[in-house]
Amino acid sequence: MDLLFLGTSAGVPTKARNVSATAVIETNGSHWYLVDCGEGTQHRLLHTPLSIRDLRAIFITHVHGDHCFGLPGLLASAGMSGRTQPLELILPVALHDWVRQGLVASDTFLPFELRLLAVEELAEWRNEALQVTTVQLSHRVPSVGFVFTELNPEPRLDTQRLQAEGIPRGPLWGELAKGLTVQHDGQLLDGHDYLRPSRPPRRVIVCGDNDNPELLADVAKGADVLVHEATFTQAVVERTGVTFGHSTAAAVARFAEGAGVRNLVLTHFSARYQSDPRRSPNIDNVRDEALAHYSGQLTLAQDLQRYHLGRDGCLEPVG
């Protein structure tokens, strides 16, 4: 899986960062999934190779506007781009009427079926490539993290099973390797039944706003990547005395170290943290605080940067 960050700022955009939106991209092909959709997300997409037509589902972590105000525009543009395949939108039930009424009030026609699913009732979402589950977080409003787990990654033909069942090597094997259904000796064989993963599935957790990383203790075990907010540094919280339901870089880093998280990606940075290291406070303060508590692979997400999770389990920037 790849991650492409479309927005990494908390609350409001800055000149360098837009508000929250993260693309999770399938290992093979161009299909992708969107976690959160802050205002301006569709404009950020124009600077990436991602197509709205290839978007398979949208997941919204909570109701705050910096995570969802981009939805109406994105949906309208999806319709104008010629999308016709159904789109599933998993979001808090409190936003369902807001989405519907916004489309109606603006006389927006969607040439595709929009399926609204309540995140509060989501036990599991899946297709042939991924399984998605939720973990409850702690914020001023209900918030969740989404756990993306690959299904049957990089499938290879189970030749031992084929030989054991007496299915001769030849064109049938080629069809089954594509996942197609074929006929053999009067029986229909589903290609998916003869495919097995060639490596362990990868698991990526993309979190909404959260002031208690320990809530991730169970799902973080064995996860390949944890994407978590680091809105503040400890120094700022000690000076202001408030967190507004958010985490510090230190708190997230301590948790990730204790949980054995191999790749930690911090995002959702307060607009006060400048990109220029000569300014104070700056984004290097966030990095330094996290590195003081975490010894794994640390990444501070950047807008429009794509990251690839390699076979060696390391998350690296692309390009």
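These residue numbers are counts, starting from 1, taken along the chain as shown.
Quick reminder: no glycine exception, Cβ is built from N, Cα and C everywhere.
Under the heading active site, proton acceptor, Swiss-Prot lists Asp66. Under the heading Zn(2+) 1 binding site, Swiss-Prot lists His62, His64, His139, Asp209, citing sequence analysis as support. The feature Zn(2+) 2 binding site is assigned by Swiss-Prot to Asp66, His67, Asp209, His268.
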Secondary structure of His268 (Zn(2+) 2 binding site) (DSSP, helix/strand/coil):
coil
Apart from Asp66, His67, Asp209, His268, which residues in this chain have a Cβ no more than 8 Å from the mean position of the Cβ atoms of those residues at the Zn(2+) 2 site?
Ala10, Gly11, Val19, Ser20, Asp36, Gly38, Thr61, His62, His64, Gly208, Glu229
Measure from the CA atom of His268 (Zn(2+) 2 binding site) to the CA atom of His62 (Zn(2+) 1 binding site) and give the result in Å, rounded to a whole number.
14
I'd like the number of other C-beta atoms within 10 A of the C-beta of His67 (Zn(2+) 2 binding site), please.
27
Counting only residues 6+ away in sequence within the same chain, which have a CB under 8 Å from the CB of Asp66 (active site, proton acceptor)?
Ser9, Ala10, Gly11, Val12, Val19, Ser20, Gly38, Glu39
Per 10 Å Cβ neighbour count, which of the binding-site residues His62, His64, His139, His268 ranks highest?
His268
Would you list the other residues of this chain near Zn(2+) 1 - those whose C-beta lies within 8 angstroms of the C-beta centroid of His62, His64, His139, Asp209 - in sequence order?
Thr61, Val63, His67, Leu137, Arg140, Val141, Pro142, Ser143, Gly208, Asn210, Gly245
Distance, His268 (Zn(2+) 2 binding site) to His64 (Zn(2+) 1 binding site) (CA atoms, angstrom):
13
Distance, Asp209 (Zn(2+) 1 binding site) to His67 (Zn(2+) 2 binding site) (CA atoms, angstrom):
9
